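K.L.:
Reproduced below are the annotations present in TrEMBL:
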type	residues	note
REGION	66-96	region 'Disordered'
DOMAIN	111-507	domain 'Amino acid transporter transmembrane'
TRANSMEM	143-167	transmembrane segment
TRANSMEM	207-226	transmembrane segment
TRANSMEM	262-282	transmembrane segment
TRANSMEM	302-322	transmembrane segment
TRANSMEM	334-356	transmembrane segment
TRANSMEM	376-401	transmembrane segment
TRANSMEM	429-446	transmembrane segment
TRANSMEM	452-474	transmembrane segment
TRANSMEM	486-505	transmembrane segment
Amino acid sequence: MATLLRSKLSNVATSVSNKSQAKMSGMFARMGFQAATDEEAVGFAHCDDLDMEHRQGLQMDILKSEGSDEGAEPPLEGDIHYQRDGTGPLPPSASKEGAVCSELSGQGKPKITAWEAGWNVTNAIQGMFVLGLPYAILHGGYLGLFLIIFAAVVCCYTGKILIACLYEENEDGEIVRVRDSYVDIANACCAPRFPTLGGRVVNVAQIIELVMTCILYVVVSGNLMYNSFPNLPVSQKSWSIIATAVLLPCAFLKNLKAVSKFSLLCTLAHFVINILVIAYCLSRARDWAWDKVKFYIDVKKFPISIGIIVFSYTSQIFLPSLEGNMQNPKEFHCMMNWTHIAACILKGLFALVAYLTWADETKEVITDNLPSTIRAVVNIFLVAKALLSYPLPFFAAVEVLERSLFQDGNRAFFPNCYGGDGRLKSWGLTLRCALVVFTLLMAIYVPHFALLMGLTGSLTGAGLCFLLPSLFHLKLLWRKLLWHHVFFDVAIFVIGGICSVSGFIHSLEGLIEAFRTNAED
């Protein structure tokens, strides 16, 4: 009897552990989706932390309740029916565990309203990388303004069709949600021959975007500090090293609770800074150089501007999680419309007004054009925001790497980086420190905000926002699509592919040239 009891408890514990790992994978996927762009992951990260604590507290209760049902008969295998939409009957053991999962998903993770979802999307597409948009107008003129509008329309459309790929029609003709994430959609498109290939491609793109975002934060921190205090005998590289020294404790992060407390403050501070910049530009409206805005483009540098604009709209990677957490998912389309319309108007006005103020003197980070009297104050706030935003994409990238390299069951390449007591082992800490140092080295050797932003937007931004959503939409739902949807998807795929390749090539050439110049110096 004792042996049977221990065996049953062991099986239940294994089941609970497997469910915890599955939910943790979903947690990190959601965190990765949102941390890629700025503070949009904080609310969900906080809910996930509460969920983890709640789940750990309930584990013993599950074991006790399972132990009390020892005399109950197990369900017959033929009586177990499972449907992905959750409508099928559950066996007694599964219903108990399902009740716990339902409690966790319902109470531990409260649903959000359309306005709260819109706030997350706004944080994603109106982050501090908007500061590079006037530089895109410098090389694109009115075509750059058109591209800001065009990118908003396309990203809004691809966000909607990406969510459409989460749903399918069941036997009763009802539309049900059968997938939960971008990775699930990618895997469904590559099944049955390569059931995990699509997910791996999306994960690689996600890691690249997260790491490049971390590098951009270090670059912009060094750039802003150097231009704020030009009289100090400290170079931009030295400022980047100082910023990285401040960020080194990120290697010891276990959760984002401490960081999430500052998120809202940083976001509000950024909006205030944007308003200050626009107010200063409006004060110089009499001197605006309308004649400098042309219809011609700089053939060599405009493709880089495309990447900058696309990168500023990236939000698709976390939209499936966001839509799944909404109280009324039917409001998702309306939310996407007003958030992207607002972003389009604000970005276009910000970029145009800033360029009209400084014209050919427009710099990669527009705050560097401000007078020295207010530049230092504004830049210090931006540096603080960048440093506090760094842990979000860094933590998400680390968790994806740790899960795939150290914790992916039998497919892991290395031993688990966490001990039995939950402490981080030496090789896990080495991975985190190496990632921080890598972002520093990239920021030192390629300290060009616009080039890095253009490269990231052309490579991962265009892929995740333009190419993959349209391709997945055609692959999964082509039989139900109207002709104009097919036309839009094909057009977006072709145009996105051309812009992506062109922007990537020109950004890469610029980075190689900058790398050689810095190596010679």
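In case you wondered, yes, glycine gets a Cβ from its N, Cα and C as well.
If you look at the structure here, what lies around each of the features I listed?
P.N.:
When Cβ-Cβ distances below 8 Å are used as the criterion, the transmembrane segment (207-226) is approached by residues 32, 35-37, 128-129, 131, 234-237, 239-240, 242-244, 247, 314, 317, 364-365, 367-368, 379-380, 382-383, 386-387, 389-390, 393-394, 396-397, 400-401, 435, 438-440, 442-443, 446-449, 452-453, 455-456, 459-461, 464 of the same chain, each at least six residues removed from its ends.
Tertiary proximity for the transmembrane segment (429-446) is limited to same-chain residues at least six positions away from its ends with a CB under 8 Å from its CB atoms, namely 211, 214-215, 218-219, 222, 237, 240-241, 244, 247-248, 250-252, 394, 397-398, 401-402, 405, 417, 452, 511, 514-515, 518-519.
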K.L.:
If you count every Cβ pair below 8 Å, which range out of 143-167, 302-322, 334-356 shares the most with the transmembrane segment (486-505)?
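P.N.:
Between the stretches 143-167, 302-322, 334-356, 302-322 has the largest tally.
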K.L.:
Take the transmembrane segment (143-167) and find every residue of the same chain, 6 or more past its ends, with a Cβ under 8 Å from one of its Cβ atoms.
P.N.:
125, 133, 136-137, 175-180, 182, 184-185, 188, 295, 297, 302, 305-306, 309-310, 312-316, 319-320, 323-324, 332-333, 336-337, 340-341, 343-344, 347-348, 351-352, 465-466, 469-470, 472-473, 476-477, 485, 488-489, 492, 496
K.L.:
The transmembrane segment (452-474): which same-chain residues, six or more beyond its ends, come within Cβ distance under 8 Å?
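P.N.:
Distal contacts: 129, 132, 154-155, 158-159, 161-162, 164-165, 182, 185-186, 189, 202, 205-206, 208-209, 212-213, 215-216, 219, 303-317, 442, 446, 481, 485-486, 488-490, 492-493, 495-497, 499-504, 506-508, 510-511.
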